[in-house]
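One structure below.
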Amino acid sequence: MPNRRFADGEMVMGRWPGSVLYYEVQVTSYDDVSHLYTVKYKDGTELALKESDIRSQSSFKHRKSQSSSSSPSRRSSSRSRSRSPGRPAKGRRRSSSQSREHKDDKKKTIQETNVALLVLFLFKPSENNTRSYNGEPESTEINDTSSIILEQKLKPDLETEHVLEQYSYSLRPRKEEKKKEEIYSEKKIFETIKGIEKASPKTKELEFGGRIGTFALMFFLPATVLYLLLMCKQDDPSLMNFPPPLPALESLWEARVFGVFLLWFFLQALFYLLPIGKVVEGLPLSNGRKLQYRINGFYAFLLTAGAIGTLLYFQFELHYLYDHFMQFAVSAAAFSMVLSIYLYIRSLKAPEEELAPGGNSGYFIYDFFTGHELNPRIGNFDLKYFCELRPGLIGWVVINLAMLMAEMKIHNQSTPSLSMILVNSFQLLYVVDALWNEEAVLTTMDITHDGFGFMLAFGDLVWVPFVYSLQAFYLVGHPTAVSWPVAAAITVLNGIGYYIFRSANSQKNNFRRNPSDPRLSYLKFIPTATGKGLLVTGWWGFVRHPNYLGDIIMALAWSLPCGFSHILPYFYVIYFICLLVHREARDEHHCKQKYGLAWERYCQRVPYRIFPYIY
């Protein structure tokens, strides 16, 4: 076990994570396992630092005296020459002109020196490095050599800058000048780092099996939807009846149905463009810009409900959706493919900084599937954000309602069955909750990380409305009786799942938006070098990804009203578990790369996972 250099309570100089600046800190504790010092800054911030990021105060004082030994005389000399009353006016003007030229030359030299040193820093990282979301190397530690070089090089340049400011008759106090030096240093460093990152944002780590996997998924996903819908139409939808009889190809397409789908899509687009609802900013992009989003999804839902109510009042047969369900699914799939082609073509002209971190591999099939452009927009119309919650999610509720009415007509019922009421009610709650908390979707990986390509286009427009409504579609052809006590138990189960899902997501979203909110003062977190915190209390201190637990419980409650005669209604539960396993594994991998040692500390504090033995 190595001996520790710094004792508890000792005042030392600690490097701020992600920069080359050292600040006075106090050592509070030392972890013998991870060999990390916990230090406290003057503002109360506590961070865990490696021993290589800590220096004694004596070494800093010695270096400071050496670097500034000649600067007082230079400053006094410059000040005396610039203010000499005996110098003629012409001479002063010439001196002022020369000083401006000299100042410009020094600034140029400072910038070139900083760029050269930062390139050396970025491409010669320390051994403990990670990868960022876009797959590029992202060092979490500055190695000792580059740290010392930067420190020695930047400080004389900053002193020169300070002399030039005084030479121009700056009347600001010394404290303000010192603060400006720190801001100038940090600004130059991070502007250069950001510029280098933008130069090569290629995706290195491929998901979904890479090019071969994504190519196969483009055929497997539509085939899965077709299979599920055909099986639900069978009198005996058991797995033993595979494959189901395939319909004639001409029966899968109907121009009128495609026209109704287009009408639905553009009606939701019209509701999206209405100037109702507040406008909020999303999370900062890689270039620091924040996009604006209009939050009016719940209003769009109310307008849609009014439009559907009007159609029913005029005796419109809503079960038309059930009769042509297969054709609607094919129309949605065709539209999503056309939309994906358009998205990829337009992404070829998008600026480099607007491409998706996870969809910029350089491989056509992979980028087409995952999405090449992060936030494709037509003016202020955000295509990805619109498709995320509007046509598919609201369409899911309309389809469920159509299935309810089809059940009543086919079985000559005056009221829908209790099973159908449970399925419609549970899923309606889920959709309304998503639209009511629409702003929370801006912090999800779908918006902040994933591009808009075939994966999200097909998922939003086809998979969500036609697979998520599988239980209601199944109950039309295979009615299942449910007693009131069983219905009550299923309702309680769904309520438990919803409570976990909503409270866990609310904690996460509120903390992301405003960590200093007084209402969140009871939450404890581990600070990270990125400036974000990792919650270790509340739901997120109980288990990792607690919102996934709520999702699984709700998915089970949606399927239970269908009984246990066939496994088909439980496809959604199986699919959802597989999806969440993939998401949890991806989140764990990204968080480990992004937060480094802080994530390891978080895993020690919160060891429990939803799927502990899967990966």
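Keep in mind that glycine also has a Cβ here, set from the backbone N, Cα and C atoms.
Positions annotated as compositional bias 'Low complexity' by TrEMBL: 66-75.
TrEMBL lists 76-95 with the feature compositional bias 'Basic residues'.
According to TrEMBL, the compositional bias 'Basic and acidic residues' annotation covers 99-109.
On the 0 to 100 pLDDT scale, the domain 'Tudor' (4-62) averages 81 in the predicted structure. The domain 'Tudor' annotation in TrEMBL covers 4-62.
Here TrEMBL flags 53-109 as region 'Disordered'.
Annotation source TrEMBL lists transmembrane segment at 212-231 (among others).
Here the transmembrane segment (251-274) has Cβ contacts under 8 Å with residues 294, 296, 299-300, 303-304, 307, 324, 326-328, 330-332, 334-335, 381, 386, 390-391, 394-395, 461 of the same chain, all six or more residues outside its ends. Per TrEMBL, the feature transmembrane segment maps to 251-274 (among others).
Within the chain, the transmembrane segment (295-314) has long-range Cβ neighbours (under 8 A, six or more residues past its boundaries) at 267-268, 271-272, 274, 276-280, 389-390, 394, 397-398, 401, 431-432, 434-436, 438-439. Look at TrEMBL and you will find 295-314 (among others) tagged as transmembrane segment.
Through the fold, the transmembrane segment (326-345) approaches residues 222, 225-226, 229-230, 247, 251-254, 257-258, 260-262, 265, 367-368, 371-373, 376, 383, 452-454, 457-458, 460-462, 465-466 of its own chain, all at least 6 residues removed from its boundaries and within a Cβ separation under 8 Å. Annotated transmembrane segment per TrEMBL: 326-345 (among others), in sequence order.
Sequence annotations record features per position, and here TrEMBL assigns transmembrane segment to 456-476 (among others).
Below 8 angstroms of C-beta separation, residues 417-419, 422, 426, 429-430, 433, 539, 546-547, 549-554, 556-558, 560-561, 563 of the same chain, each at least six residues beyond the ends of the transmembrane segment (482-501), sit close to that stretch. Here TrEMBL flags 482-501 (among others) as transmembrane segment.
Positions annotated as transmembrane segment by TrEMBL: 522-543 (among others).
Per TrEMBL, the feature transmembrane segment maps to 563-582 (among others). Under 8 Å from some Cβ of the transmembrane segment (563-582) lie the Cβ atoms of residues 228, 231-232, 237-239, 419, 467-468, 470-471, 474, 478, 480, 482, 545, 548, 551-552, 555-556, 610-611, 614-615, all in the same chain and six or more residues away from its ends.
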Quiz prompt | Secondary structure composition of the domain 'Tudor' (4-62) [DSSP: H/G/I, E/B, coil] | solution = 9 helix, 27 strand, 23 coil
Exercise. Sort out the residues at least 6 away from either end of the transmembrane segment (212-231), same chain, that have Cβ-Cβ distances under 8 Å to it, and list them.
Key: 237, 241, 243-247, 325-326, 329, 333, 365-366, 368-370, 454-455, 458, 462-463, 466-467, 470, 473, 568, 571
